[in-house]
Amino acid sequence: MLFTVSCSKMSSIVDRDDSSIFDGLVEEDDKDKAKRVSRNKSEKKRRDQFNVLIKELGSMLPGNARKMDKSTVLQKSIDFLRKHKEITAQSDASEIRQDWKPTFLSNEEFTQLMLEALDGFFLAIMTDGSIIYVSETVTSLLEHLPSDLVDQSIFNFIPEGEHSEVYKILSTHLLESDSLTPEDLKSKNQLEFCCHMLRGTIDPKEPSTYEYVRFIGNFKSLNSVSTSTHNGFEGTIQRTHRPSYEDRVCFVATVRLATPQFIKEMCTVEEPNEEFTSRHSLEWKFLFLDHRAPPIIGYLPFEVLGTSGYDYYHVDDLESLAKCHEHLMQYGKGKSCYYRFLTKGQQWIWLQTHYYITYHQWNSRPEFIVCTHTVVSYAEVRAERRRELGVEESLPETAADKSQDSGSDNRINTVSLKEALERFDHSPTPSASSRSSRKSSHTAVSDPSSTPTKIPTDTSTPPRPHLPAHEKMTQRRSSFSSQSINSQSVGSSLTQPAMSQAANLPIPQGMSQFQLSAQLGAMQHLKDQLEQRTRMIEANIHRQQEELRKIQEQLQMVHGQGLQMFLQQSNPGLNLGSVQLSSGNSNIQQLTPINMQGQVVPVNQIQSGVNAGHVSTGQHMIQQQTLQSTSTQSQQSVMSGHSQPTSLPNQTPSTLTAPLYNTMVISQPAAGSMVPIPSSMPQNSTQSATVTTFTQDRQIRFSQGQQLVTKLVTAPVACGAVMVPSTMLMGQVVTAYPTFATQQQQAQALSVTQQQQQQQQQQQQQQQQQPQQAQQPQSQQSSQDQPHPSVQQPAQLTQPPQQFLQTSRLLHGNPSTQLILSAAFPLQQSTFPPSHHQQHQQQQLHRHRTDSLTDPSKVQPQ
């Protein structure tokens, strides 16, 4: 039993051990599983973060249009970092040491400030003395523009006595530099010397002034100049230096003034045309300054308020500014001249001001002055001042101006002209001063072994290079007139100086045939351009001459035909003097001028007399012609005191447009009579004849069309003038005959009995109105505003196309010159309505005056 119990105990112990082992194994598996899960999570998180970083890095790299894998992104990142490290190393090597400049300034800003502080400018000179680069700070120091110095010789700006010294310095180093390497040129070639340089002036006629300067610089090899340079230095070298130059060495120096300037003449304007506004009192004190002013003039508003503007102006500009301000106070607005304004940095800046006066809105008194100041560059100021002085600008500026004057399609390429001629001037010679001597004095090229050629003794103005072809072209354009110019001769004369210069220039031994052919080709191209321009000018001359010839022919036609009109601007109308109408054979001149007032009367057709005559016009200009009588078979007969047969020539319809006065006076030497005024407005010249006739029943008949006969009353006056109304039906011009023809066969229209009855009535009315003769001027004045009856005698016409003029108002005018057209054979009073009775009485009063003024011996018997 004991064995059995022990066995059972041992089995129970074994079971417990197995279960504990199994449990331990399960626990270990659970722990491992948890670790693996945790490890997988952390690994996934790391991979996700890595992918995000790779993606972000790939998006920052250039050229990420396509999706890149991780290795490509990492490779490009490595390349970028390596390149950035190299650039940083180069920048550190070329960077100015931090103990020199503040950290907030760039290299260019610090260089500009250093030049201004040192009163200096950069200058690059070739070993022969030609200037290839100059910085803009030369303007504030020597008043030269950079364009004045570039491509010039340094000897043009140095006194003649210092030429040999400067030339010796440059040429000596030229001989030494032949055996030096570019590395030696960088370390062992510093040079320093002093000389005088010419100051620039606005007026070249002013006496020359020289400034003592110091050159400090090194010789640089142009072969080692980097391709990326600042301030256009590379462009200047490429334009100026040709492959023919063998040395390729230039002297780059900092030029400083020996005597510092406490106040600069002017500062360099980086952005011209900047503006700012200020407000001044009538005493020219600052009242307001806008926010744009401090960056330009340096002053804050509170620093200038209450101060006078004259405190900041240059002393040389005060007189001109005072005149401008006087003009402002006189006219209320204006524009100032160019003047210098002192900035806070003690520099002069050029300004121009537009100003006007504002007035109080209640009392209209001047309140203050509003000014708009514009910054201008010194180049613009100098160009304007030289234009006022009549001095031509330097060659680049004048060439640009002249190219703008010519047409855009036919403009001469002045840049190519300049460069083509510069190829000859820049031809290399063994002499280092030959080029400067040619530019300064146009003398012969010096011998290679001789001393440098000196500039002319007259150094009052800096010599400028003059291109012969440009001079000829300027002279040709200035002296150009209306006469024609031979294009071939002009073209040859223009190009001959340049060709002769090219022929006289010594050709160096090293110049190739290709360069010579290129120069000749440039000259041929220049010649073709000049000839083309000349042909264009000649064509313009011929065209203008043809137009002038046509105008002269028209003037001769007008003067030859004789009628002249004088326009008087003081009168509202047109004053026609001594008008003469033309007809058949004899000539009868008018004596009194025609005055037409009032309105413009267009005349489509005017036909009068036997033939359909009208006032002849030539190209809408009234032409003076003499009045001529025609044959008796084409006459219109009218009974008058002293009548003559007249007629007007039959001409084609014309249009007459002229402003007419209220009175048109046509003189006639005869006594007063009844005047018929025939006129027509035919639509067709072939219409049948129309005659206005009177029948025995005293009724007026019109054969064709709607016609209205103006009632005209005549009274003989010494001057014998005919008054024409200003308002006429259909705008027709009324022309009355000065003389009238009588024929026996046309006098039968009115009987003798009617004449006797009329004479009796006239005598009775004269007796009744004798007490009223004292009031005659008043009655005549009132009669001008009333229509007067008239009787028109029938006219027998030999030419068919006739119609009578239609008018609607009475002729009126000055009583002393008025000829009231009265009826020589008036109808009975019953012919007219009762309203005309008083008018007829006034007619009889004028008739009485006519009888007293008319010479009975000149009146033909009825």
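Backbone N, Cα and C atoms are what each Cβ position is placed from, and that goes for glycine too.
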(message) Can you identify, from 208-258, 259-309, 514-564, the stretch that Swiss-Prot calls region 'Implicated in the circadian rhythmicity'?
(response) 514-564
(message) Long-range neighbours only, meaning 6 or more apart in sequence with Cβ under 8 Å: which ones does Glu43 (site 'Interaction with E-box DNA') have?
(response) none
(message) Measuring Cα to Cα, how far is Arg39 (site 'Interaction with E-box DNA') from Arg47 (site 'Interaction with E-box DNA') in Å?
(response) 12
(message) Counting across all protein chains present, how many other Cβ atoms fall within 10 Å of the Cβ of Arg47 (site 'Interaction with E-box DNA')?
(response) 10
(message) Let's see if you can do this one: DSSP helix, strand and coil counts over the domain 'PAS 2' (262-332), in that order.
(response) 29 helix, 14 strand, 28 coil
(message) Suppose you look only at the domain 'PAS 2' (262-332); what would the mean pLDDT be?
(response) 87
(request) On the DSSP side of things, how many residues of the domain 'PAS 1' (107-177) fall into helix, strand and coil, could you say? (result) 42 helix, 13 strand, 16 coil
